[in-house]
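Chemist: Submitted below is the structure of interest, expressed as structure tokens.
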Amino acid sequence: MDLPVGPGAAGPSNVPAFLTKLWTLVSDPDTDALICWSPSGNSFHVLDQGQFAKEVLPKYFKHSNMASFVRQLNMYGFRKVVHIEQGGLVKPERDDTEFQHPCFLRGQEQLLENIKRKVTSVSTLRSEDIKIRQDSVTKLLTDVQLMKGKQESMDSKLLAMKHENEALWREVASLRQKHAQQQKVVNKLIQFLISLVQSNRILGVKRKIPLMLNDGGPAHPMPKYGRQYSLEHIHGPGPYPAPSPAYSGSSLYSPDAVTSSGPIISDITELAPGSPVASSGGSVDERPLSSSPLVRVKEEPPSPPQSPRAEGASPGRPSSMVETPLSPTTLIDSILRESEPTPVASTTPLVDTGGRPPSPLPASAPEKCLSVACLDKTELSDHLDAMDSNLDNLQTMLTSHGFSVDTSTLLDLFSPSVTVPDMSLPDLDSSLASIQELLSPQEPPRPLEAEKSSPDSGKQLVHYTAQPLLLLDPGSVDVGSSDLPVLFELGEGSYFSEGDDYSDDPTISLLTGSEPPKAKDPTVS
């Protein structure tokens, strides 16, 4: 800010008014007590700043502020000279401030033109600053836009992951439910298969090629059952009480009946050729039977009447009711088939009392047979093959990956309420009643002589069916029961005595197990 020039001031016109006023003020001898040149003439001194500000500054400038005067000096390039004594901690006694400029010299007023005011390029600085700031703002906006795009991308990815997570959780829940249902189905299948295995274990299932009794051919192995029951009779009194009155008319299964031999009936599934059996009797008894395969059963010839065993037989019981060893399954199955009234003749085989092997019979005699219904080998084999094929197909379907199961149908099919033990089996009381009916006498007993003289002796019919029956466990049967006195005591003793010689008869040797073992046929499974 230029001040008006004081009195006595003169200078070129291009010199700033502040410099002109300063030159006049320093050169005025009236103000030497407050401001004057230095002895060298290169600078000037301000002796008392307070008094100078009050008395001198208002005369030349429009203010009395010492700080403003110093700021103007600095704007024109004047610098404050600092002495050594002024740089200490102790305040100097004299208030003296010295300012100097290279072009402000005593006696050289023309140099004032060289003193220029410092021009501050405010506009340039502002434009550069604004440019820098604009670049920074642009870069910042670019970064913000990039960050915003990344944030939107992350939001979209997060939303997609959220949807995928929800879908995965729904799939996991569905898979868990399907897994639980499949576990239930598998458990039902396992229970069903276990029940089948248990039922097959209880049933007396035979091999594919069981034995048929033949006359003179090579002996076959005995039929194999799930449980082996001995067919030997017990000599002497048994552990069971006396039979009920329903058994009084027959000596079959009587504990005190003494016999050594008799016809043996065994069910077979294949008819093997054998030599015909001749007998001195008449023709074969032709009675109506169901359409079933026939099985040949060897019949012993009548023995001479002077046998001591025949004479020692009980006179109260006819010889036609002599005990005959039968298979328990054959007997019970044949009884259960008797739901319809069918004429069944009582078995009246003759007893071989000679204690010797039977004499050879003439080959020209007519063949005598007993008709027994039995399963055919091919039917049984086809049935077993079909069961194996069904089990293999079931296993293949369960192990395949693309197999879908209707759980509702399977759960209804394999419910625990439908098991093998729930099958409708014949009641024990009705079975026992049928046994008593069968064992009751069908006709009045005839004397021994009339039985021997009858031409139809030894031609009785036995009705048999191959229906499977669940056998009872001998250990679970009460020993004191008198309903079935012989079914579970067959294995306690030998049917034939040790003194009898039946080594030549293959049929009796098969029942006693005295025949030497033979080489196993490789075709027999």
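Any Cβ shown, glycine's included, is placed from N, Cα and C.
This is the feature table in Swiss-Prot:
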type     : residues : note
COMPBIAS : 272-283  : compositional bias 'Low complexity'
MOD_RES  : LYS91    : N6-acetyllysine
MOD_RES  : LYS118   : N6-acetyllysine
MOD_RES  : SER121   : phosphoserine
MOD_RES  : THR142   : phosphothreonine
MOD_RES  : LYS150   : N6-acetyllysine
MOD_RES  : LYS188   : N6-acetyllysine
MOD_RES  : LYS208   : N6-acetyllysine
MOD_RES  : SER230   : phosphoserine
MOD_RES  : LYS298   : N6-acetyllysine
MOD_RES  : SER319   : phosphoserine
MOD_RES  : SER346   : phosphoserine
MOD_RES  : SER415   : phosphoserine
REGION   : 15-120   : region 'DNA-binding domain'
REGION   : 203-224  : region 'D domain'
REGION   : 221-310  : region 'Regulatory domain'
REGION   : 266-365  : region 'Disordered'
REGION   : 380-405  : region 'Hydrophobic repeat HR-C'
REGION   : 495-525  : region 'Disordered'
MOTIF    : 408-416  : motif '9aaTAD'
Chemist: In whole Å, note down how far the CA of LYS150 (N6-acetyllysine) lies from the CA of THR142 (phosphothreonine).
Modeler: 12
Chemist: In whole Å, note down how far the CA of LYS150 (N6-acetyllysine) lies from the CA of LYS118 (N6-acetyllysine).
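Modeler: Spelling it out, the Cα of LYS118 (N6-acetyllysine) and the Cα of LYS150 (N6-acetyllysine) are 51 Å apart.
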Chemist: For each of LYS118, LYS150, LYS188, count the other CB atoms within 10 A of its CB; which of these modified residues has the top count?
Modeler: LYS188
Chemist: Per DSSP, what is the residue tally for the region 'DNA-binding domain' (15-120) in helix, strand and coil?
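Modeler: Output for the region 'DNA-binding domain' (15-120) reads 44 helix, 14 strand, 48 coil.
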Chemist: Give me the mean pLDDT over the region 'DNA-binding domain' (15-120), rounded to a whole number.
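Modeler: Within the region 'DNA-binding domain' (15-120), the model's average pLDDT equals 81.
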Chemist: THR142 (phosphothreonine) has how many other Cβ neighbours within 10 Å of its own Cβ?
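Modeler: Excluding its own Cβ, the number within 10 Å is 10.
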Chemist: Report, in whole Å, the straight Cα-to-Cα distance of LYS188 (N6-acetyllysine) from LYS150 (N6-acetyllysine).
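Modeler: Given the Cα positions, LYS150 (N6-acetyllysine) is 56 Å from LYS188 (N6-acetyllysine).
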